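**Q** Before anything else, here's the structure in question.
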Amino acid sequence: MLQVFPPIRAWLDSIGSPYGGPGHMIDPLAHAHMNLVGGVVTLAMGTTYYLLPRLSGKRIYSQRLVQHSFWWLFIGVYGFYTTQMVFGIWEGYLMLHDRSAMTHAHHFYGPIVAVAGTCMAVGFMVYFSNIVLTLMGPVESTRAEG
């Protein structure tokens, strides 16, 4: 995160750090999103879906929404990651060989990242909706009554 502050960025650029040169979209952008969203957030969502019924005594509102939240997040995260990797490599190539073509490459980058980000956002919204609806629902026994 520190590389986004102007003085630190200027220092990194002055020493020839890869954070400002070709392929800077690969690391830290792709790396951070895969770790934070793809790993940590998905783990937190799964843990919540597992523990919430056990701690609250309420059934998850909809298993179908559980599946939707996972797949929307999955598609968004890996779409974002793939976009960062492809555009990082492409941008690096263009920076080294044809800087004038970079504007053309960036023209496609924004809409593709927006679609991936929207998929992630849909996954988050479905997740939060499912959790809120679960918490608002009646307490039910999650054990088989015998």
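A Cβ is built for glycine as well, from the same backbone N, Cα and C atoms used for every other residue.
Per TrEMBL, the features are:
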- 32-52: transmembrane segment (TRANSMEM)
- 72-96: transmembrane segment (TRANSMEM)
- 108-128: transmembrane segment (TRANSMEM)
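On this model, are these features tucked inside or out on the surface, and what's nearby?
**A** Using a Cβ-Cβ cut-off under 8 Å and counting only residues 6 or more beyond its ends in the same chain, the transmembrane segment (32-52) has close neighbours at 58, 60, 66, 69-70, 73-74, 76-78, 80-81, 84, 120, 127, 131, 134-135.
Residues 37, 45, 65, 68-77, 79-80, 83-84, 87 of the same chain, all 6+ positions outside the transmembrane segment (108-128), place their C-beta atoms under 8 angstroms from a C-beta of that stretch.
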